[in-house]
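Summarising the annotation, Swiss-Prot assigns domain 'CoA carboxyltransferase N-terminal' to 22-285 and lists sequence analysis as the type of evidence. Taken from Swiss-Prot, the feature Zn(2+) binding site applies to Cys26, Cys29, Cys45, Cys48. Positions annotated as zinc finger by Swiss-Prot: 26-48.
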Amino acid sequence: MALERLFRRKRPSGGNRDVPELWTKCEACGAQIYKKEFQENLHVCPKCGHHHRLPARERVAMLADPGTFQEITRLRPLDPLGFVDTKPYVERLKAYQAETGRPDAILGGTCQIGGVPAVLLVMDYAFAGGSMGSVVGEEIARGAERAAEEGRALVIVAASGGARMQEAALSLMQMAKTVMSLDRVWARRLPYVSVLTDPTTGGVTASFAALADVIFAEPGALIGFAGPRVIRQTIRQELPEGFQRSEFLLKHGMVDRVTDRRRLKEELVRVLRHLHPGVAYAPGV
């Protein structure tokens, strides 16, 4: 018995420890990926190339030139309707804010992208599915106005399930507001570039996201108004293979280019330098 006790495995004491996960699993192919490699690869699977969702902060770090990003999105949402479903809207907002560290579903600021002055706005899908409510709409409108006033390009990275139902008509109103704000950018002949990521749906697709001078999309991104399941149930027909995915939209002229995330900044810089009136275009850059 003494010998058995000697070799018996002892359980570690101290309860649950905060040990970081070292591996992550690809949602598409199931490959086990070393988390550090996954992050360095911008959340793209090195095995199959599947593009996982990228946090807003990491998206900004990927696109903005180092040390140039100055945040301008600081508005906080209210609950003018006193909306309650299974729980009060204000409680949902507090939970999302605690989870993401963001006041709402958008992160934006002034920066340079490849030396081109820009206003960069990135939607955060982790906050209420990136839904567009009063704050998101107002921040986009203010960002567009800032770009026009300061002669900056406007770049918006979309990731959204659409309008925020808890704000009802106030949310739908943001579609018109964001579209109207783009007029100031175009009046100054400044470039507006949209990047559609997975997913971009609903009122976001039906408003500012689809109106850019140049529209990039990430590989495999779901892009559309209603989701495929809703459409299938409505028309009672099977949908074409790849329907509403970025490659399908490229084939049918709805986006200009499907670009791997790891090459996105390079291609974005090329477009901005070509279109921005205050930047001399250098062929081959």
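Cβ coordinates are placed from backbone N, Cα and C, and glycine is handled just like the others.
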### Query
Near the zinc finger (26-48), which residues from the same chain, at least 6 beyond its ends, have a CB less than 8 A from one of its CBs?
20, 54, 58, 62, 260-262
### Query
Once the chains shown are all counted, how many other Cβ atoms turn up within 10 Å of the Cβ of Cys48 (Zn(2+) binding site)?
12
### Message
On average, what pLDDT score does this prediction assign to the zinc finger (26-48)?
### Response
96
### Message
Using DSSP, what is the helix/strand/coil residue split across the zinc finger (26-48)?
### Response
6 helix, 4 strand, 13 coil
### Message
Taking 10 A as the limit, how many CB atoms besides its own sit near the CB of Cys45 (Zn(2+) binding site)?
### Response
20
